[in-house]
Amino acid sequence: MTTIGTPLSPSATKVMLLGSGELGKEVLIALQRLGVETIAVDRYDNAPGQQVAHHARTIAMSDPEQLKALIEAEKPQLVVPEIEAIATPMLESLEAAGVVRVIPTARAARLTMDREGIRRLAAETLGLPTSPYKFCDSLEELQTAIDGGIGYPCVVKPVMSSSGKGQSKIDGPEGVKAAWDYAMAGGRVSHGRVIVEGFIDFDYEITLLTVRALGADGKVETQFCTPIGHVQVSGDYVESWQPHPMHPAALQTAQHIARAVTSDLGGQGLFGVELFVKGEQVWFSEVSPRPHDTGMVTMATQWQNEFELHARAILGLPVSTALKSPGASAVIYGGVDAQGVVFDGVDAALRVPQTEVRLFGKPESFAKRRMGVALAYADDVDTARQRAKEAAACVKPRVAG
């Protein structure tokens, strides 16, 4: 039996989120609806999640001593990493000492904080199909890896980055240095290390949201959401939709891969598993042990969206991955580099049939920063995609004044 206390009282069930962007914000809202006291942590003030949490804290989450001091001061029962750039060895230490439970596990947070840990787990430990790859610490190593078998075209990504930052495709030798420089500019840490992957000529890519939650017998069960299709530009999601049709054999393979990876990572919660698909073939790409940006579409499509699934699973509550309606999401970009922007056209966006708009409340806009998302429902995915893109195009961020 799960017992939940009263927020802001001695009986409170306290959950701390490390990272409070738009995904964390929705997790915080889902937790609060279940009576949880929430603590939103980020590296800058007034992050989206901090605007809705009971408590807002700003620290350098990659600093182990700052992280340790905050957890010991706040005393949450659960710590939920929502980004990669965290001092995960400290989380492992605190979890091992019984100070706090990390979601899904501190080991999972460490392995997924960069592309190297999770790729080696999937390909080398679990033997799952992936693209051919090499890790490189210099421009010279990158060129050697490409010449030594990776070949062209190929994709270069920083070992640690998010939302496609620093990711590019190389079509020939003339693009290698530019790709290396772009990866160095887009990574989250100062030391330069990249993964170079052979390009897979896939038909489409999906996100398979995978939930590890307690069943009626108290044991962890694995459930899958309906596949989510998405379009990425330079590694960053621009639209997604659900359901995405798949050959039954490909779906079975995708679920096998997702189950293998998430079972090894362990714990409870929702995982976003990214996969490439060609016909009946499926390749593992990446996994995030938390809600996924492409999964924002589930706010339109599922009875329990990905954030509610994550909140329920980590609290030991039952979950349902049932689909409610076909739907789609489309990103609203900042368009300008400015603080405190204003948004025109929200009324026009909401006149598009069966649409919703989510503005994230980020204090600073950049031209390619995700500032909101349009959601749409329809009887079929194609109509939903058209509506979501139309609604997103209506919303125009601009400099205030």
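Heads up, the Cβ atoms here are built off N, Cα and C, so glycines get one too.
In sequence order, Tyr333, Gly334, Lys362 are the residues of the chain that are 6 or more apart from Arg369 (N(1)-(5-phospho-beta-D-ribosyl)glycinamide binding site) and have a CB within less than 8 Å of its CB. Classification of Arg369 (N(1)-(5-phospho-beta-D-ribosyl)glycinamide binding site) by DSSP places it in coil, neither helical nor stranded. Summarising the annotation, Swiss-Prot assigns N(1)-(5-phospho-beta-D-ribosyl)glycinamide binding site to Glu22, Leu23, Glu82, Asp293, Lys362, Arg369, Arg370 and lists sequence analysis as the type of evidence.
The ATP binding site annotation in Swiss-Prot covers Arg115, Lys157, Ser162, Ser163, Gly164, Lys165, Gly166, Gln167, Glu197, Gly198, Phe199, Ile200, Glu205, and the record cites sequence analysis as its basis. Around Glu205 (ATP binding site), the C-beta neighbours below 8 angstroms that are at least 6 residues distant in the chain are Gly229, His230, Gln232, Glu274, Leu275, Phe276, Val277, Ser285.
The domain 'ATP-grasp' annotation in Swiss-Prot covers 120-315 and is backed by sequence analysis. Looking at the domain 'ATP-grasp' (120-315) alone, the prediction's average pLDDT is 94.
Within the same chain, residues at least six positions away from Glu286 (Mg(2+) binding site) with a Cβ under 8 Å of its Cβ are Arg115, Ile118, Val273, Glu274. For Glu274, Glu286, the entry in Swiss-Prot reads Mg(2+) binding site.
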Residue from Gly166, Glu197, Phe199 whose C-alpha is spatially nearest that of Arg370 (N(1)-(5-phospho-beta-D-ribosyl)glycinamide binding site), among the binding-site residues:
Gly166
With an 8 Å cut-off on Cβ-Cβ distance and a minimum sequence separation of at least 6, pull the same-chain contacts of Glu82 (N(1)-(5-phospho-beta-D-ribosyl)glycinamide binding site), or say none.
Leu17, Leu18, Gly19, Ser20, Gly21, Leu23, Gly24, Val27, Gly49, Arg290
Integer Å distance between the CA atoms belonging to Glu197 (ATP binding site) and Glu22 (N(1)-(5-phospho-beta-D-ribosyl)glycinamide binding site):
29
Sorry to bug you, but what's the C-alpha spacing from Asp293 (N(1)-(5-phospho-beta-D-ribosyl)glycinamide binding site) to Gly166 (ATP binding site), rounded to the closest Å?
17
Check Gly166 (ATP binding site) against DSSP and tell me helix, strand or coil, would you?
coil
Give me the CA-CA distance between Phe199 (ATP binding site) and Asp293 (N(1)-(5-phospho-beta-D-ribosyl)glycinamide binding site), in Å, as a whole number.
23
For Glu197 (ATP binding site), which residues of its chain lie six or more apart in sequence with Cβ-Cβ distance below 8 Å?
Ser131, Pro132, Tyr133, Ile150, Cys154, Val155, Val156, Lys157
